[in-house]
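So the structure is just underneath, and the comments pick up after that.
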Amino acid sequence: MRITSTSCICPVLVCLCFVQRCYGAAHHGAIKVTRNQTKQIEGETEVHHRPKRGWVWNQFFVLEEHMGPDPQYVGKLHSNSDKGDGSVKYILTGEGAGTIFIIDDTTGDIHSTKSLDREQKTHYVLHAQAIDRRTNKPLEPESEFIIKVQDINDNAPKFTDGPYIVTVPEMSEMGTSVLQVTATDADDPTYGNSARVVYSILQGQPYFSVDPKTGVIRTALHNMDREAREHYSVVIQAKDMAGQVGGLSGSTTVNITLTDVNDNPPRFPQKHYQLYVPESAQVGSAVGKIKANDADTGPNADMKYTIINGDGSGVFSISTDKETREGILSLKKPLNYEKKKSYTLNIEGANTHLDFRFSHLGPFKDVTMLKVIVGDVDEPPLFTMPSYVMEVYENAKIGTPVGTVTAHDPDAANSLVRYFIDHNTEEDRYFTIDASTGTIKTAKIFDREETPWYNITVAASEIDNPGLVSHVPVVVRILDVNDNPPELARDYDVVVCENTKPGQVIQTITATDKDNSANGARFHFSLDEGLSLNPNFTLRNNEDNTASILTRRRRYSRTTQDIYYLPVLISDGGVPPLSSSSTLTIRVCACERDGRVRTCHAEAFLSSAGLSTGALIAILLCIVILLAIVVLFITLRRSKKEPLIISEEDVRENVVTYDDEGGGEEDTEAFDITALRNPSAAEELKYRRDVRPEVKPLSRHHPSSSLDSIDVQEFLKQRLAEADLDPSVPPYDSLQTYAYEGHRSEAGSISSLDSATTHSDQDYNYLGDWGPEFKKLAELYGEIEPERTT
């Protein structure tokens, strides 16, 4: 199959196409296409024939951006098997087949139906094949070919990074590189001049220039001054087709700013300045400002102000405000119009950051003269001293002069001054001041031991102008007088051992005095001379404000006396001297051989009898155990419950007291019903022995014959009536009889309760001699009166 193309658009391309169609297959990489073998006839032996080969052209060209109304003709496919009878059918497959590229299946003509853009896709790969229209069998193998999109100049150069912002120092040399710009062209750089770009400057001359090939922007003038012009806008153009007519172009803007250098010295606008400052200006305050102009900016305009000479250099100072670059004039000393009315200052302003490349433009400093005029102001009174220190003795009488303050009017008028104390604090109320003379006097009694110093503030004002007030601090020191006697420094716990020796020091004492050292530093100790000589202890004055307590005999006994009292007299060295008396308490204690105190308590007295501490502890432990046993035994005896009736032979009384209601006949625990069933045992009415009955019983005796026949119910009624009518029967007691001995018992009752009604010859007075434990028993059975104690 042979592929032919008619897309050559110039004579050169026509020649190339002709040559390539004749010889291109062998010399330019053309593909070989073989024709299909003939069909085998039935019954014949298969014979292999060498097929004919057709040399075909393997690529087409199509112009991009075709805008014609008809499809653009690309080329033609042709097979050697095509006899022109329409039996061969051409098929086109691959990229864009059927959509972009269509083929006439009879003639093999290929057309492009759409406008192509080389910048989007440079070529298309397709496959062509010729088949038999009747059998649909391929006549030749499939052939591959390429359709290339041929470039035209349809893209203008573009600056992808613009617009640009760049800086360059002022005063730079001519030809200083500023920036390199680059434009890109989307056209094919290998085909013609469509992508060949040249640069030119449209705006910014004569200050800047651009290299046509590289796009480097440079300065075109010497010493470009920022102070003259700071910003420049430069327009750069990039044009393809090597800048020829008909080429496409693009442009960008480069904003260039000249940066500052220190090429301008500072200058004061005036050579002479005048400043008015009132004499009342406070020291350290700012009184004026001055500024030197500098055309530079940033650090290049920084400067420092100094006072280089003048008669006011010691009175004024100048500093630099870094924000405003102004010189701030401050007052170092107070002004006085009456002494000096004006000052002259020479002030210099100089740059701090110098560029030696421009030193020939200097000097980078300037000097001006400032005259300061002092203004007269009505000033407040002025004290002769900045502060006062005065002294007064404590206990001084009210109205005692302390000192005098003095102030005067510094103005020429010399007005009179009035003094007063601001009673703002409690300390100010202790003093008064004479309004005319300034003499300070006491208003209260002082105690140095409470407050040794007082701080007050005295104010002074002019009589003609009370609003002008000045103040001065006054410190008053309270002087000491000897008004406090000395006393012991602390409460001493003095101990003397029983086995001490005569002359032994048992304690060293010292004293304190609230007065200062001038009136109380020297102490003298002695025993009270008004008392007799102490035989037990003595005192020795050590002459160093201390004293020692010494023993005067060999042994001391706690059993004889365990505490001694020693009066001590203490006097100071003040004028007049004062003294006080204190009493030391000395305890007698048992000590070890090395002098350590063993004990001072009385329970240790048994130690002198030869018993050691371990033996004493053992004895005490045994006593405690015995007491515990006794208490336990008594507790068990009290908690044990005895039966009401043990046996018929064990006859005794039992008085039971309870405060609850009875349980009737079913209650046999608190009341024994057997006594009711034996009326003969209760034939005689029993009364309380501790109360004498005031009335006689209703029925004292009953015939013995009737006792046997008394019914229990009748007996209860009778006893109930007797109890209701007998006022001597207490409601809280009950007498019970729990035994019956018979009618003719010769022994009779042995109960102690019956003994109260019978007279006995026994004398119970001996019970009073048995001790306090039997005192109550002696009162009950004896005839003696109870002994009353207080």
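Each Cβ is built from the backbone N, Cα and C atoms, and glycine gets one as well.
Annotated signal peptide per TrEMBL: 1-24, in sequence order. Taken from TrEMBL, the feature domain 'Cadherin' applies to 79-159, 160-268, 269-383, 384-488, 488-605. Per TrEMBL, transmembrane segment is recorded for 615-636.
Taken residue by residue, the domain 'Cadherin' (79-159) breaks down under DSSP into 0 helix, 35 strand, 46 coil.
Mean pLDDT, taken over the domain 'Cadherin' (160-268), works out to 90 on the 0 to 100 scale. Per DSSP, the domain 'Cadherin' (160-268) is made up of 3 helix, 45 strand, 61 coil.
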